Amino acid sequence: MDLEKRSVGGGDLESELGSSNVFAKTLLSWGVEGRGISPVPISERTDTQYYKLFFLWFTMNFNILSFSAGTLGPVAFGLGIRESCLVILFFNLLCCLPPAYFATWGPKLGLRQMVQARFSFGYYGVILPCVLNMIGMFGFCILNAILGGQTLASVADGNLTWTAGIVIVVVISLALSFCGYSILTWYERLAWFPVLVVYLVTLGLGGKNLNDVPPSEPADAASILSFASTIAGFVITYSPLASDFTIYFSPNVSSIKIFLYTYFGLLIPITSVQCFGAAAAAASAAVPTWAQAYDNSNVGGLLAAMLSPVGNFGKFLTVLLSLSVAGNIAATFYSISLNVQVFIPALIVVPRYVFSITTTAIVLPIAIVGSHKFYDTLTNFLGLIGYWCSAFIAVILFEHLVFRRKKQSQTEDTSTTTTTSPSTSSPHSTSTSAFDSYRVEAWNVPHLLPSGIPAITAGVASFGLVVPCMSQIWFTGPIAERTGDIGFEMAFVVTGLLYVPFRALEIRIGRGVK
C-alpha cells in the first residue's frame, strides 16, 4: 500500500497543483495537458485513433531539416546522387526499426520513454542518458529553428532578418507544445499536406535540372560510411522519446499496428525528402542560380531559387516550407518538458507546459547565435549523437529481450496452474508478454529499480572501441581512417555484449528484475 501511494504521488501532486491554481485550472479546462512523467493508468489509456501516430511522425520529419540532412551527402562527403540515395534508403530502413519498436511499449506500460528506461538504467543512472537526450533534442530544435528562420528570411528581400525568422518559427512551436498531446496530434494530422504541395511544386519546377553531376572524386568506403553514420544519427535519436506519444493508446491495440504506423511514419518522409535534398544539392553545381542562392542562404536559399520561376507564389510556398519545422520543434519541446522531470524528479509537481516555456528561452538565443555556422554545426552534431543513442538502444533492448523475457518464463514455470474460463479471463491474466515482468508501480522507487551500474558501465566502456572508430571533422580514429565511421555500430554491439554479463551479475547478487 505504501508503494502504491508513493508511485502515484507525483501524479496526485500535479493534480492538486492544477486544482489550487486558477490559471492552471483554466488551462486544464481548455484542454491543455498538464500531465508530466507519472504513469498513465489503464483507465486513461483509451485513445483508439491509432492512425494519428503515423501523421505525427510524418509531419515531424516532412520538413526542411530532412531535406538539409540529405544535402550533406554531396556537400559534406562528396557523394553523387546514386550513392547518397542508396545510403539514405538502406540505413533508414534499418534505423527506423528501434523507435518503431519502442513506440509499441507506450500502450502496454503507460510510461514515458525515459521513465521506462529507469527499469534498465535505474532511478539515478537514467539521469545520464536523459541529459544526453536533452542535449540531442535541444540540438535538433536549434537546427530546425535556424533552418526555418533562414528560409523565411530568404523570401523577404532583406526586409526580414534571420533572427526575426527564427523568433517567428520558435514562438509558433511553443504555442503547439504548450497545449500538449491533443492539440499537438491534431496539428500534426493536418500540417503535412501544405508541405507536400510545396515539395511537389518544387520537384515539378526543378525536376529537369536534377541530373547526377559526377563528384570530383569517386566515392570511397570511408565517405559512404561516414555519411551513413550521419543518416543513422538523424533517425535513431527518436528512440529515447518514442513512447512519449503512445501512452494514451489503448493497451489492447496490436503492437504490430503501432509499429507499422510509426515505422512508415518515419521512413516515408525521411527517405523521400532526404533523397530529394541529395539530388538538389548535387545538381546545384550545374545550375548557377541554385549554386549562388545556396552559397548565400544555405538550404533555404536553394529551395527559394528552385521556386523562383513562379514568382510571388513561389515565395508563398517557401514561407509554408519554412514553417514546416514547427511540427518537429513542437513535438521535441513536448518531450524535453518530460525529460526535465526525469532529470530532476522533484519538478514533477510543476505542470509539464511550464517547461515548454523554459525550453523556448534556451533554444532561441542559441539558435540566433549559431545561425551563421549552420552546416558545420549540423554535420558535427548528427555524427556525434548517434553514438550514445546506439548504446542506449542496446541496453533497453537487451534488458527487455533477455532479462525480462527470462523473468516472465520463470514466473510461468513456477506459478500454480489454474483453469480459467475463456469468457472470464482478462488480457492480463493470460498474457505471457515480457511486459508483465515490469512492476510499473515501482517507477519512482529507487531501491526497487536496477542500480543502473551495469547499463552505465557497459555504455561508457563501449567508447573504448567507439572512439577509434569515429570519423568527425575534428577527429578521425585509427580504425576509422581505414573503414570510415563505424562508431554507432560499435556502440550498439559492444554495449550489448557487455551489458548482458554485467546485468546478470547484478541480478545474481540481489538487484533482480522488478
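The backbone N, Cα and C atoms fix where each Cβ goes, and this holds for glycine too.
What TrEMBL records for this protein:
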TRANSMEM  54-77  transmembrane segment
TRANSMEM  84-103  transmembrane segment
TRANSMEM  123-147  transmembrane segment
TRANSMEM  159-184  transmembrane segment
TRANSMEM  190-207  transmembrane segment
TRANSMEM  219-238  transmembrane segment
TRANSMEM  258-287  transmembrane segment
TRANSMEM  357-375  transmembrane segment
TRANSMEM  381-403  transmembrane segment
REGION    409-432  region 'Disordered'
COMPBIAS  414-432  compositional bias 'Low complexity'
TRANSMEM  453-474  transmembrane segment
TRANSMEM  486-505  transmembrane segment
Legend entry - Most Cβ pairs under 8 Å with the transmembrane segment (123-147), selected from 54-77, 219-238, 258-287, 486-505: 54-77
Inset, instruction - Look at every Cβ pair spanning the transmembrane segment (381-403) and the transmembrane segment (159-184), keep those 6 or more apart in sequence, and say whether at least 3 of them are under 8 Å. - result: no
Legend entry - Selected stretch (most C-beta pairs under 8 A with the transmembrane segment (84-103)) from 54-77, 159-184, 190-207, 219-238, 486-505: 219-238
Legend entry - Beyond the flanks of the transmembrane segment (486-505) by at least 6 residues, Cβ under 8 Å: 225, 229, 232-233, 236, 386-391, 393-395, 397-399, 402-403, 450, 453-455, 457-459, 461-463, 465-467, 469-471, 477, 479-480
Legend entry - Long-range neighbours of the transmembrane segment (258-287), counting only residues six or more past its ends (CB under 8 A): 50-51, 53-59, 61-63, 66-71, 73-75, 79-81, 84-85, 88-89, 92-93, 96-97, 99-101, 103-104, 106-107, 192, 199, 203, 206, 209-213, 215, 231, 234-235, 238, 242, 246, 249, 294, 299, 302-303, 306
Legend entry - Listed stretch, out of 159-184, 219-238, 357-375, that has the most CB pairs under 8 angstroms to the transmembrane segment (54-77): 219-238
